[in-house]
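What follows is one structure encoded as structure tokens, with my remarks underneath.
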Amino acid sequence: MIQFRLLSLSHKTTDIAVRERFALNQNEVSLFLDKAKQVTSVEEVLAISTCNRTEIVCFGDKSGAYDLLYCLCQVKLQNIDIALRAFSQEHDEVTVLRYLFEVSAGLESQILGDAQIRSQIKQAYQLADKAQTAGTYIHRLMQVIFSANKKISSQTGFRTGISSASYAAVDMIEEYRSMFKSTQIAIVGFGEMGQNVCKHLCSKGHTELTIFNRTEEKVTQFNEKFKTELSYFPLDHLRRKMYQFDIIISSPSVTAPILQKSDFDTSDVLFKILVDISMPRSIAPDVASVPGIMLYDMDDIGKVTQTALEQKKASIQDVRNILDIYLEEFVQWQNDNKNLEAIRSMKAALQTIKAEEMDRYQRLMSEASSCTYEQVMDAMIQKIIKKTVVTLKSIKNENERKVYNSLINQTFL
């Protein structure tokens, strides 16, 4: 049966070591979607990959979910058995849709109400649209999800407080400011997350910041836009200059750590805070064993945001109420659209039957009789379609409606 299905891996089900195996950068998402287009049992695909989750959403048959997981393993060079253990599969459509609505709102985020998830889903949608794996159903789903989130922002207090990994990272290091005479801070990577870190640091009075990035263009644009004076060094200068900094917040898009334990001379290290908000991680986990180094990753950040969680809990029910309204709207549209598709299939099949019958008997009848015969057949077709539409609309049970639609499609396709 063609419907929405989900392959899910997140911070709630796996630790960071497993998540980073299946994290996708933009190029990998595009490669995955290209492979997904070859899966004939799937009509539409969306891939969401963030620092805390990799979600594969598809509109297709149950068998297609396994095929998509195999495509993911090809892109990430991972064993399918590992993927089958890591990813949960959901094939109940309403459960899948409700989960996606809650993910988009930040209800499923490690940092409750994470504002960045919205832009990450938008980016995933844009990549699917570019790859032509987003069709009628995903297009409509995204429109409804974005509308729901707009209402949540305007009508609830759910977006207040710590609302992103970058904000949480900055909030966490504030506790250590008193340990340094003049805190020297470096930001590694200057994509969306790195720039958000920079904005939060500037808002807290940190103005002397150094950026390590592959190119200088984004740093220059940031300085011009926000009237800042950020310093810049190429990313490959990081190893020899990192000793100048007390705090390093790392967020580049990488496939393997760029800082290893061997990069640190233990005789020189006094005390440093390293915060790794990349996925996959950009700082090797064993760096934490270097004397004087305090290393935090995304799982650690999630543990220190409980205060923000308590502040947002009061708005959770309001958020769920809004999501329920928009979810019901989408499900109703989807049912109507599926009904319409079934009716179109029936009408096309009946018109084909009519044409065949007219061709068979037309030469045996006069022109007037032929015209009357055709009118009678058209009237019968309209009555059959009308009765079917009324029946479909009267069915309230979702499973019964699916069976009825499936029967129509099997009969007339």
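Note that the numbers count up from 1, one per residue, in the order the chain is shown.
Glycine is treated like the rest: Cβ placed from N, Cα and C.
Fair warning: this is a prediction, and the values are worked out from it, not measured in the lab.
Features as listed in TrEMBL:
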{"type": "ACT_SITE", "residues": "C51", "note": "active site, nucleophile"}
{"type": "BINDING", "residues": "T50, C51, N52, R53, S109, D114, A115, Q116, Q120", "note": "substrate binding site"}
{"type": "BINDING", "residues": "G189, F190, G191, E192, M193, G194", "note": "NADP(+) binding site"}
{"type": "DOMAIN", "residues": "178-303", "note": "domain 'Quinate/shikimate 5-dehydrogenase/glutamyl-tRNA reductase'"}
{"type": "DOMAIN", "residues": "319-412", "note": "domain 'Tetrapyrrole biosynthesis glutamyl-tRNA reductase dimerisation'"}
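For the domain 'Tetrapyrrole biosynthesis glutamyl-tRNA reductase dimerisation' (319-412), the DSSP-based tally of helix, strand and coil residues reads 89 helix, 0 strand, 5 coil. Neighbour density at the Cβ, taken as the number of other Cβ atoms within 10 Å, is lowest among the binding-site residues T50, N52, S109, Q120 for Q120. With DSSP states grouped into helix (H, G, I), strand (E, B) and coil, the domain 'Quinate/shikimate 5-dehydrogenase/glutamyl-tRNA reductase' (178-303) comes out at 48 helix, 28 strand, 50 coil. Here the recorded positions are C51, A115, M193, and the one whose Cβ sees the fewest other Cβ atoms within 10 Å is A115. Cβ proximity to the substrate site centre (mean Cβ of T50, C51, N52, R53, S109, D114, A115, Q116, Q120, cutoff 8 Å) flags the following additional same-chain residues: G106, Q110, I111, I117, S164, A165. Listed in sequence order, the residues I187, Q195, N196, V197, S251, P252, S253 complete the 8 Å Cβ shell around the NADP(+) site centroid, once G189, F190, G191, E192, M193, G194 themselves are left out. The secondary structure of A115 (substrate binding site), as reduced to three states from DSSP, is coil rather than helix or strand. Checking the recorded positions (T50, C51, N52, S109, A115) against E192 (NADP(+) binding site) with a 10 Å Cα-Cα cut-off leaves nothing. Per-residue pLDDT, averaged over the domain 'Quinate/shikimate 5-dehydrogenase/glutamyl-tRNA reductase' (178-303), rounds to 90. Across the structure, F190 (NADP(+) binding site) and Q120 (substrate binding site) are spaced 16 Å apart at their Cα atoms.
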